[in-house]
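Asker: Take this structure first; my questions come after.
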Amino acid sequence: MLRIAVPNKGSLSEPASEMLHEAGYRQRKDRRELVLVDSDNSVEFFFLRPRDIAVYVGSGKLDIGITGRDLLLDSGANAEEILQLGFAGSTFRYATRPGTAKDVSEFGGMTVATSFPGLVSSHLADKGVDASVVRLDGAVETAIQLGVAEIIADVVETGTTLRNAGLEIISEPILHSEAVVIRRAGAGTDDPKVQQFLRRMQGVLVARRYVMMDYDIRAERLESAVALTPGLESPTVSPLHDQGWVAVRSMVRTKEAQRIMDDLYELGARAILTTGIHACRL
Ligand SMILES: Nc1ncnc2c1ncn2[C@@H]1O[C@H](COP(=O)(O)OP(=O)(O)OP(=O)(O)O)[C@@H](O)[C@H]1O
Ligand SMILES: O=P(O)(O)OC[C@H]1O[C@H](OP(=O)(O)OP(=O)(O)O)[C@H](O)[C@@H]1O
Ligand SMILES: [Mg+2]
């Protein structure tokens, strides 16, 4: 059985379970369930606090985990990313009241409040800045108002939370984060059970990002049309009964589908259809 850690709470929890469900795995119906065995797929899921996942996986007690890159790096656990999952995207940044500091180099002697002390301490050390770090559990924006710290370091998605707290971002992001699949460092991905899990998750990513596009085009325009829809490897081209026309089938990025349909139409393509992909193995 492959033992997989899944976030049980917070921003990562629902999208992680949704993705696993799309990959064909059973997921819990009751949020209080802590362990779930999916015997059909030889997988055991452990629903754990997002912060703890890297610790379990790093110790080798669990084979694989889903967590955030920021949480992984903050934990200092002996684990590494093996797949990026494309959800829970955010940056990790410093912020303060206007006028306090314009750059990390000015933080010397100040206090930084954060829920990610490992990440922040090592970033400050890299920059050679001698600032104190105070660890808080959440809602760190308030630490400045209450005089616990001059600076905060926190997850920023839209920036709304910072704006509402009257804070401004300082310097470049410390980190770009997203949900990732992790494994104990050095354990590799050769294990067939791990390979199968990764193929399923990659299948979901592709099914989410691509649609299948079909169209008919005159044979003499085929090369120009194929240049617009090169597919992942190479498009399928089939002859039509009506001589001089061919049918083309190719995968295109969902985000680009409408633009490509316009361009194909301009080129003379007709009967242009897109269909969703439910699942795939590349
Ligand atoms: N607003 C957000 N947008 C995108 N990702 C976020 C956001 N807030 C937190 N995350 C990500 O979620 C992970 C943190 O999960 P965690 O459950 O500890 O905190 P949370 O989602 O803020 O939940 P809570 O604070 O309610 O417990 C990190 O990887 C972080 O980057
Ligand atoms: O840039 P934004 O779109 O505003 O999102 C970022 C905010 O979302 C998270 O907070 P959450 O609501 O999880 O509260 P927390 O501080 O208690 O974790 C995070 O800690 C930031 O505060
Ligand atoms: Mg939070």
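Backbone N, Cα and C atoms are what each Cβ position is placed from, and that goes for glycine too.
Residues or ranges marked as domain 'ATP phosphoribosyltransferase catalytic' by TrEMBL: 49-203. The annotation domain 'Histidine biosynthesis HisG C-terminal' is assigned in TrEMBL to 207-278.
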Asker: Looking only at the domain 'ATP phosphoribosyltransferase catalytic' (49-203), what is the model's average confidence as pLDDT?
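Answerer: Taking every residue in the domain 'ATP phosphoribosyltransferase catalytic' (49-203) and averaging pLDDT yields 97.
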Asker: Which residue counts does DSSP give the domain 'Histidine biosynthesis HisG C-terminal' (207-278) for helix, strand and coil?
Answerer: 27 helix, 29 strand, 16 coil
